[in-house]
Structures are given as structure tokens and as C-alpha cells.
Amino acid sequence: MGLTWRLRLSYAIGHILNDLCASVWFTYTLVFFKFGIGIPTSMAGLIILVGQLVDGLMTPVIGLLSDRFSSQSSVPLLISSSSHSLSASSSVTRNNFNDRLHDSNDHLANHNKNYMSTDSSDVINSTGNNNSPFFQRFNSVLRRFRPFGRKIWHLCGSILIIFSFPLIFGPPLGSSNISTLAKMIYYLPLVAIFQAGWAAVQITHLALINELSMESSERTLLTSLRYLFTVLSNLLVYISTFLLLQHQNHVDNNNNIRNDTSIKNSMNDMLPLRKLLNYNEVEYIMLPMVMTSHPLSKCSNSSLSSPSIIDFGKDDIPAFQKLGFTIIGVGGLTMLLFHFGVRKKDFIHNVRPITVVDNPNHESVSQIKHPAYIITTWRDWLRLPLFWILGFFYMFVRLIVNVSQAYLTIYLLHSLRLPKVTMALVPLTVYLTSIATTMVQKPIQDLISREDISLNEEKKRRKRQ
């Protein structure tokens, strides 16, 4: 029996807060700290490095700790293979497998007993036995929302993100005219808190797939829906950034017009003095340009005749504050819907004692002809070659994507001197192109596969003739 669409959609929106924050973090953090807050480039890079280090350290730690709250933390995983090329040292004997499986089943039975012993109603009803309609309805809502298992880590991580993210993309509390050291002391703990919360939400939300369904088709559908909302989250971030920067650009233009008008009025008031001192007209033409230039603009040749203006600075911080609060509002709402929609009764508690990865048709140990690797602890993964291959492949792909995403906006503003709205338009264009490529890729791949199959069949037919 498949999952309900209520459960599918409730699960899929549980990662929107992370997706929204990650899109802003990788795309705009370096630009924001460099040109908005005024932190030197090396220090801005250090902030991002510390954040990524915290993320890398907290990811396995939270994964191990959250497994203690899982209904499947003791389920052994058997990765089997029918290939005879496996070495004898890498395979396990059937007797050893049966012994380890028996021990795991005993531990699994005890774990499921402890996991199911505590119900949300026990904690709620312990506070009092008020039978009024209001309290009954309130208790019913609490029973639906009360986190359990991995959802506890998801909720704690979401709270950390909601607390830290608006403070990161905002000016330092108190005064913005503080030293670089004070800014680093202010932002580094916030970044560490944000990355710890981000890791908690990401790991627990992804691991929940295995606790909602044992069917591979349902797991694939949940993953697809999760990716769909990731795409929508990125589009929302870039479109919102474009609108906010465009609005801020209009505000800056209006302020510049008012400043130019006031300067011209001042110059007209000084007209008698200009005639008396015989000042050159060209010098007065330069004055409005110097006074209305960007606060962080620099002159490439130390000459006022060729100013090098970067179209982003302290005046654009309010736009990112609005973006941060928008993200927290949307992400916080979807987080609540996730916790209300995914309930304890939706989880699988009586799981099978073994999961076969390579061949789902195997249902018992006797049917597995070539057992290869038994995964009962995290150390067992280190003996699996495919684990290292996929891990390094994914790491290098993410490295290319994250580096290009982080430095794209710097390149647009600092090197090409483009307007700040391109910070949203160019990443949006890149992202839409990747979506279109993904949609076209599968039909082309299927077409190539069919052609290869037909060619192979044609070769076999010729050989038979």
C-alpha cells in the first residue's frame, strides 16, 4: 500500500527552509560580507571556511546521534552481489552472517520496544486531566505536532536556522562602524550555529525516507518531490532577490536625484563667490560625481576622472534583511506544516531484519547466493569500495558547483562592474538552463540506449546468420 499524498507533500516541504537558506548562503555570502559589511576578502573567505568546516564536522556527528532516535537504527543492511570477482577477504561467510544477523535482531527487538513505549499522549496527559473542549482540542494539536525520533533533531536544527540566519544577513547589532575584529567575533558564532542547524535538518530529513516506506518506488517518489521543492526554492530566492535589488536600485536613484538637486542649489547659492574667486567650471562638474559616488567605490588610477564604481554596498543591506526575513517566514511555515503532516503513525516500526540493496527480490538469507558486505555499524561502510567511489565523485561535483556559485556574483560585480541586479538574473539564468538540460537529458539518454540495444541485437543477428 502506497503513502498518502498528504504524507508525501508534508515530507517534501520539510526541507524548504534549508533549500532557501543554502541558495542565499552559497550565492551571496561572499559579496555581502565583502561589499556590504565591509569585511576584507580574506576574512570573508575565512567566515565561509569556518561555516563549511562546522557543517562537515556536524554532519556525521548528527547522523550518529540521530540514529539513536530512529526506529531502524539497529536494522542490519546486507549489500549482496552475484559477481564472482569479489575477493575472499571482502566477503563474509554464511555462518558469520547468521551470527551477526541473530545478534542484530535481538538488539532490534529491544530497540523497537523502547521506541514504541513512549507515546506523545503520555507526556501531554501528564500535565493534567482537563476535559474542557479547548484543552482537548489543544492536546489534539500537540499530539500531532510533538516531535519524536529524528524529527526532534529536525526541529532543533530549524530553530537554530531561524535564530541565526536573519542575524547573519544583517548589520552587526549596535553599530556598523566597528572594527573588522569585532565583526568577525560577531559573525563567526552565528555562522557556526547556522551551519550546525543546517546539517541537523539536512541529515535527519533525508534519513526519514527510509522510515516512511520500504518500497523503492515510494522512496524514489519522495526523493523526486524533495528535489522539486528544492528547484522551486532556488527560483523563489533568485526572483525575490531580483525584485528586492530592483526596488533598492529605485530607492538609490531617488536619493541620488535629491542629492544632485541639493548640490545644484548649493552651487547656485555660491554663484557670486565663484565669480569672485574665478573658479573653473570643470571643478564644479566633478563635485557632484565625487559626492554622489558609491560609499565603497574606488578609483582605479587614483584619479577622480576615472572612478571605478561597484554597484553594491551598505545601502543594499536592507534588501538582504528583507530577503532573510522572507526566507525565515516561508521556511518556518513549511517547517510547521511538515511537523503537523508527518505523524508518528506514518512511520514504519516493525521493519524487516534485513534490506538487500542490489537485488530487491531476495527475501531471506537462504536465497542470497553471494553475500558480500553486512552493514551493522558505521565502520562497515568504510569497507565498501562503492562508498568511497560515490563519496569522492559527489564531493568533487559539489566542489565545482559550490565554488562557481560562490564566486559568480563577485565576478559580476568586481570584475565586470555589472549592475547589482545581475546578481540575481545571471544565477537565475544558469539555474533555469540546468533545469532545461535535466529535462532534455533523460529522453536523449533513453534514445541513445535504445539505439545501442538495437545495434547490439543487429550484431547478434548477423553473427547467427
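From the backbone N, Cα and C atoms, a Cβ is placed for every residue, glycine too.
Quick look at what TrEMBL lists:
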type     : residues : note
TRANSMEM : 12-37    : transmembrane segment
TRANSMEM : 43-65    : transmembrane segment
TRANSMEM : 152-173  : transmembrane segment
TRANSMEM : 185-209  : transmembrane segment
TRANSMEM : 221-245  : transmembrane segment
TRANSMEM : 323-342  : transmembrane segment
TRANSMEM : 381-401  : transmembrane segment
TRANSMEM : 421-440  : transmembrane segment
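Of the Cβ pairs linking the transmembrane segment (421-440) with the transmembrane segment (221-245) and spaced 6 or more residues apart, 3 or more are under 8 Å, so the two regions touch. With a cut-off of 8 Å between Cβ atoms, the residues of this chain six or more beyond the transmembrane segment (12-37) that come close are 43-45, 47-48, 51, 154, 158, 161-162, 165, 168-169, 171-172, 176, 183, 187, 194, 198, 201-202, 205-206, 208, 222, 225-226, 228-230, 233-234, 236-238, 241, 296, 310, 312-314, 316-317, 320, 323-324, 327-328, 330-332, 334-335, 337-339, 342, 402, 405-410, 413, 423, 427.
Spatially, the transmembrane segment (152-173) is not adjacent to the transmembrane segment (221-245); fewer than three Cβ-Cβ distances between them are under 8 Å for residues at least 6 apart in sequence. Beyond the ends of the transmembrane segment (185-209), by six or more residues, the same chain brings 11, 14-15, 17-18, 21-22, 25, 33, 37, 39, 47-48, 50-52, 54-55, 58-59, 62-63, 66, 70, 150-151, 153-154, 156-161, 163-165, 167-168, 172-173, 219, 222-223, 226, 342 to within a C-beta distance below 8 angstroms of the stretch. Tertiary neighbourhood of the transmembrane segment (221-245): same-chain residues 3, 8-9, 11-13, 15-16, 19-20, 23-24, 27-28, 205, 209, 212-213, 316, 319-320, 322-323, 326-327, 330, 420-421, 423-425, 427-428, 431-432, 435, selected by CB-CB distance under 8 Å and a gap of 6+ residues from either end.
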